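These notes are about the structure you will find just below.
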Amino acid sequence: MAGGANGMDAAASADPEMKFPGQRKHKHYFPVDARDLRAKELSAMSRPQRTHICGIAQTLVDIEAHVDDELLARHNLVKGNSLLISDEAAHILYAELKQRALIKEEHAGGTIGNTLHNFATLSDERAVLFAVMEKQIEIGSYAYKYLSYTSSKVDVNQLQPVDGPIGRCFTLITPCGERSFAISKGAMDKLEPASIKPELIKTAGALVFASYLMRSADGDNIDQAALRAMAVAHEANVPVVLTLGTRFLIEQDPQFWRDFIAEHVTVLAMNEEEAEALTGESDPLKASEIALQWCDMVLCTAGPEGLYMAGYCDSAELRETEHELRSGSIGEFNQYEFSRPMRQQDCVDPVKVYSYIAPYLGGPVEILNTNGAGDGALAAVLHDMAANRYHKVNVPSSCKHSVSALTYSSFSQICKYANRVSYEVLIQHSPRLSRGLPEREESLEEGYWDR
Ligand SMILES: Nc1ncnc2c1ncn2[C@@H]1O[C@H](COP(=O)(O)OP(=O)(O)OP(=O)(O)O)[C@@H](O)[C@H]1O
Ligand SMILES: O=c1[nH]cnc2c1ncn2[C@@H]1O[C@H](CO)[C@@H](O)[C@H]1O
């Protein structure tokens, strides 16, 4: 089981320090530099104040099956899409998968559930899960599985009890490697605004949610709960992070999403297909640039091509890369990738900054699972954002915080970390990491962090 059983006592088992996001050459990472600290601050660091992030999730168990295209067609599913299906359709689909023994695994899922679990696994910090859970849990049930497969660092104390079952996500993998999702939603969208705890949102390093929850039906209030949480986050200047679920959802009404992002979102995570649906631009770098008119920072994953980050930095804070300059749809786009991302409004003279990285080690020899590789990358970005808050709270007068940045590390360093985490997801069977990254990497891999 991933990460150890249930998160009932999440906050109780606090470790002394947050793990560092990614790797550095030196062994002791927090504080960054002893010269940067006064005696009082050094003693504060010996018992650092903890931080956390918050997420709003649809509670889903993934039922993974390998199927052919004919099965998708017969059940009116669309390849690559995530579709809501009726209880009756779910019953018929499940019966067929069971009868033909096509089900390979059942594990905890949901984009945000995965992201919070991976964040907690990577950082050893608390991730507060705002979601529903069955009031009565039977051993062996889906609800039981969900909690058993969730890291104990995910704080499940805020779960809202519901009468119905949690959702099921049929994850259907066709021979081409594509995943198609059929969602039997159960009570996953029944989260109420009253279940959002403003005090937890206000003190969070980030608030994260997925575009999927904006398709909840009338009478289901998870979208309202998310809007309430976003309003609190805005008030407290907590970064709001949105991950786009599937391109099909964005294609239905790209303008709605552009307006939504412009109004609510600080950091946008998407893959290249979702980026194209949102911006009309198929080139991920160009699409990321376009998206910067609506938000402050972008993570755009592009499968075997690797991943891109885009954002802003004040001209006075720019740092030149020591890597080779790269050109694509934007000339020498990585020139300032050693800079730290800032909100556009926090820059006197905002400059757009980009970074790109090819898959770690060129990608795995054998990919066991691509499901959740993007969620893994986002967990790494969230870890770096939380590390920034952690450091700021514990070492407020550090020169690192003389300007207000969104992350602890540079664009370039975050790309490396996100990419490294995606690789880790690709070489295991589930979208949820079963362990953190190795403390030390093989010499070849160490070279990657130093580059
Ligand atoms: N075929 C591949 N070869 C090498 N690396 C890959 C491959 N597929 C994915 N990756 C790595 O994983 C990262 C994320 O992958 P991808 O863009 O497929 O995410 P995604 O579509 O958002 O996935 P999900 O929605 O399942 O989380 C990529 O940026 C890359 O680093
Ligand atoms: O409608 C949805 N809501 C929330 N999560 C979803 C939905 N459809 C698919 N996934 C989730 O996406 C993950 C891979 O990125 C899978 O684990 C699946 O549970």
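Positions of Cβ are set from backbone N, Cα and C atoms, glycine also.
Nobody curates TrEMBL annotations by hand; they come from automatic prediction.
Of the listed segments 1-23, 139-161, 185-207, 300-322, TrEMBL assigns region 'Disordered' to 1-23. Counting only residues at least six positions away in the same chain, the Cβ atoms of G306, L307, I357, P359, Y360, A377 sit under 8 Å from the Cβ of N419 (ATP binding site). In this entry, ATP is bound by T301, A302, G303, P304, E305, G306, G374, N419, whose most widely separated C-alpha atoms sit 13 angstrom apart.
Note on proximity: among G303, P304, G374, the binding-site residues of the record, the Cα nearest R215 (GMP binding site) is that of G374.
Taking the Cα of T111 (GMP binding site) as the reference point, the closest of the binding-site residues T301, E305, G374 is G374. Under the DSSP three-state reduction, T301 (ATP binding site) is assigned to strand. Looking at T301 (ATP binding site) and N114 (GMP binding site), their Cα atoms lie 17 Å from each other. Screening the binding-site residues I112, R215, G303, G374, N419 for a C-beta under 6 A from any atom of ligand 1 leaves G303, G374, N419. When pLDDT values are averaged over the domain 'Carbohydrate kinase PfkB' (104-310), the model yields 97.
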